[in-house]
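Record features, source TrEMBL:
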COMPBIAS  107-120  compositional bias 'Polar residues'
COMPBIAS  670-685  compositional bias 'Polar residues'
DOMAIN    62-103  domain 'BED-type'
DOMAIN    429-507  domain 'hAT-like transposase RNase-H fold'
DOMAIN    566-646  domain 'HAT C-terminal dimerisation'
REGION    104-127  region 'Disordered'
REGION    670-691  region 'Disordered'
Amino acid sequence: MEQWPHIIDISNYILSVVLDMEPKSMMEIVAVIDPVDGGLGSSEKGNATPAAKPRKKSMTSLYLKFFETAPDGKSRSCKFCKQSYSIATATGNLGRHLNHRHPGYDTVSSSSPQPITTVSKRGPSQVKNSSTVDFDHLNWLLLRWLIGSSIPPSILEDTWLSNSFKFVNSIVKLWSVERFQTVIVEIFRSMREDVKASLEHVNSKISITLDFWTSYEQIFYMSVTGHWIDENWSLHKVLLDVSHIPYPCVSSDIYHTLVKVLKMYNIENRILSCTHDNSSNAIHACHTLQEDLDAQKSVAFCFIPCAARTLNLIIEDGLQTAKPVISKIREFVLEMNTSVEISSDFNHTTSAYQEGSWKFPVDASTRWSGNYTMLDIVRRASKSMDAVIRKREESLGSRNMLLSTKEIVAINNLHQYLEPFHKTTNNMCTSKVPTVGLVLFFMDHIVETIASCRDSRHSPDWLKNAAEDMAKKARSYNSQVHNVYTYMAAILDPRIKGELIPENLNLESYLEEARNHFLRSYSTIHFPTLANGYNPQDNEDGGSVSFAEEIARKRRRVNMTASTDELSQYLCEPPSSFTTDVLDWWKGNSSRYPRLSVMARDFLAVQPTSVSPDELFCRKGDEIDKQKYCLPHASTQPVLSIRAWIENGFKLRYRTSEVDFEKLMVSGTSTATSSAFDSGTTASDSKAKQG
């Protein structure tokens, strides 16, 4: 729900809309909207006259038609709320039930579902009745809730959900599931056109990332996401498609589906790289795509494995031996999370033992963040954990939560070994722009940490064995990720350059290839005015430089040959600090390196991970996975796509109109529906939109 901060507000507004509806308004004549239309308020209004007053009927005929008799003939239930009464219940009591629980019941037909309606009154102003417009408010807000929470429209078929609305107000009428699905698909198609249009204006290379999953229906999906940096040095990310990979879901199926997506957006000749999920089928599909692009000789292309997935697998190897102990710790943490008394005891005990302060609920997820928290509890608060379990021996002691001295020692060793991994993943998750250069720098440190543990005579044998398995995965990753493209992406990070690149990647041959690529692809770019190398007024961070820095830069230039290109000039200067914002640095120095900055825009968009690192390492990923896995096939593509596009800054659009949910939430009047759209309000425009 973090990505949709207004979901709670929407839920509250939905309730207020329902409460504000007045049953008596349904006594008026209504004009039926086309069921395929989104219920946005048609401007084609006919003259309506007040409904004739219903003929007074007998008590029996008036009340009993709103109740259904059970097959056994012993009871009857209310058609609105399913409340059951004995067959012998007096009709007067049934009438009191209808009057108290369902006011206005006599004006609503309960025999069959009715289309969504909007009221038209006689008069030049053609003012709509507010309560019926609120029906559309309610349904559009429900639609946003469905999309924002990645919930299929079929949830609205739930009887108790429907009864909950009717309990608040008996005249509430929701769209049918089919209508919700139709509107969602229409929104998906409209917004996809907006995404296509936005990509037409991208004048840099686009890098893509692939993610794969299998739904609860055992349907295999692939998401394709595009990444690029614009002229203002802002990094953009947009979902291109959620595609169903047909059976048998092999590499050729992935390849053909991927090509179809690229051609749909007309970017097949503008992609620079593809970051995959490390699966063999994805690797083979990317290899086939590379062969096709190489054959065209029109674009350079590379594919690389996901660093986050590799690191996650490496960490899993390290945790493998300790998994049974971690499970015992997690069981204790879950008890603390659900019991105020136990968590209070734990906090008091940690304060007494000076074992730190803890906030509840504690992260107990099975992802790396949760697993490390389990290790951290034993490392920092083992005495308190032991004391609380012993104090509550009746409820906790019998569940084998107590840790032995040997287990505590093992956990402490593992915690010490994996602490650099935790710092690395934290940096990857919180980095504003986790560039290839930065991630390779971190991964190189991970390799060194593994080697140090494996070669240390102080490491226990079980930890050395784990380190050996971890090293194998690290070597496999390095063999796939080290190439001239990742070399270029790394050195164009001003914090890394050539000094902090992993040794196995920092090859003289790669530097020569990088220089040739720059001269071949970027040196001929025409600029109206070029900065003549060094500009004494500009600092790397965009400010003025000191006199000493001016002298130093001039001396560096003297040491260069007259034919030195921008790449050589850039590399001869020392790296920036790690606090430097990479994109801001290039924005401030693009005048010094006008052609190299174009190359940097392309290569800094190459993604080191196929998904956001926090989706793999943190409990946030649990919610995202649940939403993806639990959607039915009919909803997966449109719901996930619309949600992602709105998160990426695109406006939700239905056909030719933009839906402004802020206005829908602020206004509860009938004018909110018509003003919720940026485009026309005339009768002719509305008629065209409905068509």
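Glycine is treated like the rest: Cβ placed from N, Cα and C.
Helix, strand and coil counts under DSSP for the domain 'HAT C-terminal dimerisation' (566-646) come to 54 helix, 0 strand, 27 coil. Look at the domain 'BED-type' (62-103): DSSP puts its residues at 14 helix, 10 strand, 18 coil.
DSSP labels the residues of the domain 'hAT-like transposase RNase-H fold' (429-507) in these numbers: 51 helix, 0 strand, 28 coil. Looking only at the domain 'HAT C-terminal dimerisation' (566-646), the predicted model's pLDDT averages out at 95.
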